[in-house]
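Undergrad: Provided herewith is a single structure, encoded as structure tokens, for subsequent inquiry.
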Amino acid sequence: MYVSYLLDKDVSMYPSSVRHSGGLNLAPQNFVSPPQYPDYGGYHVAAAAAATANLDSAQSPGPSWPTAYGAPLREDWNGYAPGGAAAANAVAHGLNGGSPAAAMGYSSPAEYHAHHHPHHHPHHPAASPSCASGLLQTLNLGPPGPAATAAAEQLSPSGQRRNLCEWMRKPAQQSLGSQVKTRTKDKYRVVYTDHQRLELEKEFHFSRYITIRRKSELAATLGLSERQVKIWFQNRRAKERKIKKKQQQQQQQQQQQPPQPPPQPSQPQPGALRSVPEPLSPVTSLQGSVPGSVPGVLGPAGGVLNSTVTQ
């Protein structure tokens, strides 16, 4: 009832329909509208129509369908392409175990490259056959054939090593011993000038640990980097610790040794001494000069007694 109402309401919606008055018999009606895209008429459809006609005449007709719903959809869709029957047989052969790409006439990238570009790119190497065959075998959707079985054996761990393309292979790495450089070989020695050493020593005498601000100022003044100034102070502190440690070791060694007695002056031997004559007093020398006088005898006046003269 509802369908009849819609049909009676707007007849212009179905311009090509054949309307019957009695009942709801929709069998003789045909709701096929004219093509709405006339621009697509420029495509070549003659080959597809001819291939369809050939396939219709060659194959047995399918089940009958009411004419009201148009022709049924055919399953042999491959007949619409150029060379429909040959392409269908080729695809069927490829699904049965062969390569569909080879059956349909596709060539490998190497053959296509060599055929279409013989002189434009002579320096490009052609792809290896194993790579091309491996890529084409992935298109095979049917049961595995001999080629697929061989490829599976190559992929298996127990089989041979897989053949990869040239661009997929990793470059061989050289021995690390010839390339690795140790930190000792990369070291370089900074030679400081006399002026730089003098200024650094002054700063070290003032403060053994330089501040960040003073380090920046000193580096800008002396034309050095902050890292060089920092390393110089580190080395200078290490040198000072080494000198102090050496001095402490020397002091410990001196304390461990026993103290030696001071050297005594040499004493003269008794036999080696000589008698030195004592000097004579003036009185003794005068008494000795007068003849007949008794030495050591003085007169009452304390003088020398005159000797008696004999006549």
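Even glycines carry a Cβ here, placed using N, Cα and C.
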Undergrad: Can you identify, from 151-163, 177-189, 281-293, the stretch that Swiss-Prot calls motif '4S motif'?
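TA: Per Swiss-Prot, the stretch marked motif '4S motif' is 281-293.
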Undergrad: Taking 17-31, 227-241 as the choices, which stretch does Swiss-Prot tie to region 'Interaction with 5-mCpG DNA'?
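TA: That would be 227-241, the stretch labelled region 'Interaction with 5-mCpG DNA' in Swiss-Prot.
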Undergrad: Of Ser60, Ser128, which one does Swiss-Prot label phosphoserine?
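TA: Record lookup in Swiss-Prot returns phosphoserine for Ser60.
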Undergrad: Helix, strand, coil residue numbers for the DNA-binding region (185-244) per DSSP?
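TA: Residue counts in helix, strand and coil order: 45 helix, 0 strand, 15 coil.
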Undergrad: Tally of helix, strand and coil residues over the compositional bias 'Low complexity' (248-257) according to DSSP?
TA: 9 helix, 0 strand, 1 coil
